[in-house]
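Asks: What TrEMBL records for this protein is below:
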DOMAIN    B:5-127  domain 'Phosphotransferase system enzyme I N-terminal'
DOMAIN    B:154-226  domain 'PEP-utilising enzyme mobile'
ACT_SITE  B:His190  active site, tele-phosphohistidine intermediate
DOMAIN    B:254-540  domain 'PEP-utilising enzyme C-terminal'
BINDING   B:Arg297, B:Arg333, B:Asn455, B:Asp456, B:Arg466  phosphoenolpyruvate binding site
BINDING   B:Glu432, B:Asp456  Mg(2+) binding site
ACT_SITE  B:Cys503  active site, proton donor
Amino acid sequence: MYTKTATVKNETGLHARPASEFIACAKQFKSKLLIKLLSSGEEVNAKSIVMLLSLGAGQGELVQISADGEDETQAVDTLVDLIHSGFGEL
Amino acid sequence: MTSLQGNPVSNGIGVGPVIIYEPFSWETSQGEISPDETEDMVLRYQQAKQKAKKELERMIEAFSTTDPEKGKIFTAHLDVLFDEVMEEEILGLIQDDLTPPDRAVDEIYGAYIHLLEKTKDPLIRERAADLRDVRSRLLRCWAGKEEKNLSSLPKPVVVVAKDLFPSDTATLDREKVLAIVTEVGGATSHSAIIARSFEIPALLGVAGITERLQEDQTVIVDAVEGRLYCDPTPQEIEQYSRRREEYLLHMSQVKKYLNVEPVTPDGRRIEVELNIACATPQELAGAAYTDGVGLFRTEFLYMGRDRLPTEEEQFQVYRKVLEAFQGRPVTLRTLDIGGDKKLDCLALPKEENPFLGNRALRLCLSHPQMFKTQLRAALRASVYGNLWMMFPMVSSMEDIHQAKAAVQEAKNELEMEGIPYSEDMKLGVMIEIPAIALMADQIAKEVDFASIGSNDLCQYLTATDRMNPAVAEYYRSFHPAMFRLIGYAAQPFLSEGKEIGVCGEMGGDPLSAAVLIGLGITRLSMGASSVPHIKKLITGLSYERAKEIAQKVQHTALAQDVRRLLQEELQQLL
């Protein structure tokens, strides 16, 4: 189990296109991946577009990503970097 | 003539026969499947999914060359179709609860549609439409039916529907659709976005319309005024058909001017700039056809949040705008808050007269830390383009000295920290308080440029609160005094060879813009929708003629006569 937190920087948050990019990235990994919205405590499957949308992580929100599996470190680090990159919106 | 109201999300006029479009509808299987059927049912469900996948991939392929943006809608649908969580739950219902697959799909998608529709964010609520779309596609594939859509229509029609799925609007035959009318849907819905990109008039949110209209009945869709006329007379049909032609002609003429270089027939180049606020991609797209940003309102960075924006956040946004305009001027107006604009992240005391109170530059000078954060962010960004910094609500030379001292202090700090900034950044002021307009000769020596904020200038000059409807008629932007004062303030800047522009409503209104040009103004800043109109004016109006008009206007007594005079003089150029 490996966990890291990240702040959502891009203006639209994890919606629409950024959400699709996030899912596409998450699906490359074998580990079980979860994303948690720290303000609400809600935690969902990070490979599911509908769950990610329902989470509604907006700009400025803190999220925690955790993974369990053979590529857990790489998965979490890659997703955290993706969030910090701002999905090309910054 | 019965008329119904709707939300005109894509402007235009359409007149023609109605087609009532009903997307695929379904009734799900009742009862349970038998345990030995489950394997077969799961297999059939997977086959339906594969068929839906193939349809989506065909669509993505078809759009890949023509319109990749629309292709993205279907890529998003693939994500939904292959969603892990929904898949697991659907299989769970089939295998463990013996639910028929179509009902399992209907129930699980229904649950998530409900979940998304409950969220606070309108962007996410709109995504529920994508789930509905995928559900319908999947169930249709399950039922073994072919896709019925709006891609091949026998004749030009007005499409009337409860709602259109993104896939319906994306594939519709744009040549044959005169207008779209739906019962639901907001301005940010896919239907609205696609209608706008296809330039099809669209009226959304017309309650009960599919029940009211009959197939083939002729209707008038006025998606300019937001009205639908259900049973028009032949005269009305004739009248609106003509209005439609005029509208189309007008739009095509106006659009031709978007990319034209704004030079008067006698060779005076007027800079046409944009007013921007949020630095959205749409706003920044204006860089393609304008000379820069004449007014970058930075307030939005401070709005709708409970903490002040950090230096880094501001820096990133300013840099993005500067880079988008690639060396053309970006006029950043420092925080203009108070009066009509309040902030959640900064508690301000209630004032008796907020428009005459502690606002804009005054507020910044009384909150030095907040001001410095913005100045540092702007200075840091200045190396990424051509930044002009402008202070709002300046009433005296003392204000300018204080503002400049604050900038100098920020510069000193950056220097100490070894952080670069551009030495070429221009410093200017807004002219919106009459006192500063009357000091223009002194001010022009002190600053690099000025920009006339015509809305506030009119309010302060005519002593009319522009938020108070009781005195609305006293707020006269065509008041001759406005033009006299603007002419007076512009002159010293012109003789000093310094830039003077106008960034209020007057700059984007062809009637007043003509006078401004005649008064010597060479920079006009406006919202994106005004750009083609103003460019059309500039390319048709000589500077000599504009000067004559400006002379006449300044010697007219009544504001209403000024307006009438301008309408007559400029008739051919509007």
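From the backbone N, Cα and C atoms, a Cβ is placed for every residue, glycine too.
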Asks: Measuring Cα to Cα, tell me the gap between B:Glu432 (Mg(2+) binding site) and B:Arg297 (phosphoenolpyruvate binding site) in whole angstrom.
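Replies: The separation of the Cα atoms works out to 15 Å.
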Asks: Quick one: of B:Arg297, B:Arg333, B:Asn455, which binding-site residues lie within 10 angstroms of the residue listed as 'active site, proton donor', measuring between C-alpha atoms? Sequence order, please.
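Replies: So the list reads B:Asn455.
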Asks: Just to be sure I understand the packing, how many Cβ atoms besides its own are within 10 Å of the Cβ of B:Asp456 (phosphoenolpyruvate binding site)?
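Replies: For B:Asp456 (phosphoenolpyruvate binding site), the count of other Cβ atoms within 10 Å is 21.
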Asks: What are the non-local neighbours of B:Arg466 (phosphoenolpyruvate binding site), defined as same-chain residues 6+ apart in sequence with CB under 8 A from its CB?
Replies: B:Asn455, B:Cys458, B:Gln459, B:Ala472, B:Tyr475
Asks: Looking at phosphoenolpyruvate and its recorded binding residues B:Arg297, B:Arg333, B:Asn455, B:Asp456, B:Arg466, figure out the farthest C-alpha pair and report it in angstrom, whole number.
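Replies: The two farthest binding residues have Cα atoms 21 Å apart.
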Asks: Look at the binding-site residues B:Arg297, B:Arg333 and tell me which residue has the greatest number of other C-beta atoms within 10 angstroms of its C-beta.
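Replies: That would be B:Arg333, with the highest Cβ count within 10 Å.
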Asks: Rank the recorded positions B:Glu432, B:Asn455, B:Cys503 by the number of other Cβ atoms within 10 Å of each Cβ, and give the residue at the low end.
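Replies: Among the recorded positions B:Glu432, B:Asn455, B:Cys503, the sparsest Cβ neighbourhood within 10 Å belongs to B:Asn455.
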Asks: If you average the pLDDT over the domain 'Phosphotransferase system enzyme I N-terminal' (B:5-127), what number do you get?
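Replies: Value for the domain 'Phosphotransferase system enzyme I N-terminal' (B:5-127), mean pLDDT as a whole number: 90.
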Asks: Work out the three-state DSSP category of B:Arg333 (phosphoenolpyruvate binding site).
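Replies: Strand, per DSSP.
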